[in-house]
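Engineer: Straight from TrEMBL, here's the annotation block:
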type: DOMAIN; residues: 99-210; note: domain 'DUF1254'
type: DOMAIN; residues: 361-467; note: domain 'DUF1214'
Amino acid sequence: MKGGCFVVRRSACSRGTLGVMSDSDRAGYLSRVAMDGELPRRQDLGLVFDELDYQMACQAYLWALPLVSYAQWKTQHYDVFGATSSDLVHYVSYRDRLGLITANATTPYILNFFDLSETGPLVIELPPGPTAGGMSDFWQREFAVMGEMGPDAGRGGRHVVVPPGQDPPEVGDGWYVQRATGMNIMFGFRTLDPDPQRAQALVDAVRIYPYDQRENPAPTRVVSPEGRAWSGDQPRGLDYWVRLHGIYQDEVVDERDRFFLAMLKRLGIERGKPFEPDERLTRILTRATRAGELMAQANTFAKQFPGSRYWPDRTWDLAIVLDNPAQRGEGYDELLERASWFYEAVSFSEAMKSTTPGAGQAYLGAYTDANGAWLDGGQNYTLHVPADPPAKLFWSATVYDAWTRCLIDNEQQRGDRGSRDADLVRNDDGSVDVWFGPTAPEGKESNWVPTIPGRHWFSYFRLYGPLESYFDRSWKLGDIVPV
């Protein structure tokens, strides 16, 4: 019986009736490939290789999203703001944040990016006081927690960041050794002191310098974007691959990425070699960037991950579907989960997906209205926030431009409404109605976020210090409803 089946299958294959692509099976470059029996016509093999390179580039685009995101942001710090590897950049105003992917509209950001292949072991001195910070590599994997939640517990201290593969220096009391998981790193922190003057004094007291200059370090400047236009979202077209080639030159290679590096090699991106794509490769890479972004948009704005829909009868998703900062799932690494988050956001720490009532944050994302339609900047909507939102500290509803994933750049420079807004109008039962749209509803101006006609948007609902009724889902947020 087994032998008979085998003979039948062999016979069918020999006649070309199984395993041969039909016209309906082929798309893209393959749609122009003519068949010579069961094989592609030899003069059309170039089209098959075009399709191979195109498909590899689409997948490489998704794989590289977090890396290119930080690489792009770093160039803005150094090329637009004039920062150096001894400086910090302090984002304060709304306009300062307009290039930052899904920034909080009110919290100041203090951070910078460093290449340890240039600096060697790097020292970051934190003063004693209420701060919270951390470090991550350019795959946006957190490898160190600092400040009140770190080893110094808010007492301050000197952290020496050791590049991958190097032995740490011998240090004494008051020093903390942090082993970097990549050659390029981001350090960021925020102050927790509510007094503006004391908070600024903490920022000014941070020192950053190479370890071998510890006896006479250069001063650390605090650089302001000063409202300059900048772009932190991943570049489009060939610029995406230019940025990827640049950051790859001095980055360490993880074992899990070696097959993707084989793809990059075929696409003309290699370490120690210039990136000089010819006309054919330029065309393929440009097309793949467009297709890759379409995949990223679908993967982000129409999440298909198990458990991502927070309430079955609502349109709110868990914005963060990653399990942990290492991006490692049970039996696999979270490629698409990572692509989803780092297309729409930057940075990830365990505190951003808290499972402890009263600690950390919770992020919910709405990408459609209650009817499942994309959110339209020319349409008016309302969001009902029931009484007693489960947030120990505060909650906010923020609007982001779907194309840039950054704060909406409206005339009013207002991107959110939340419990910290003193003029927020509450209903008699303690609930709140937030309004979105191009025109303010009469009498509701203080609860209104202006949107821009002709542009789609999405919203984050953040809970700082989420409480038990969030985790047990007994408190339920309303959908964004068209008016």
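Just so you know, glycine gets a Cβ as well, placed from its N, Cα and C.
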Engineer: Pop the mean pLDDT for the domain 'DUF1214' (361-467) in here, whole number is fine.
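Structural biologist: Within the domain 'DUF1214' (361-467), the model's average pLDDT equals 97.
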Engineer: What is the number of residues in the domain 'DUF1214' (361-467) that are helix, strand and coil, as DSSP sees it?
Structural biologist: 3 helix, 51 strand, 53 coil
Engineer: Please list the DSSP helix, strand and coil residue counts for the domain 'DUF1254' (99-210).
Structural biologist: 14 helix, 49 strand, 49 coil
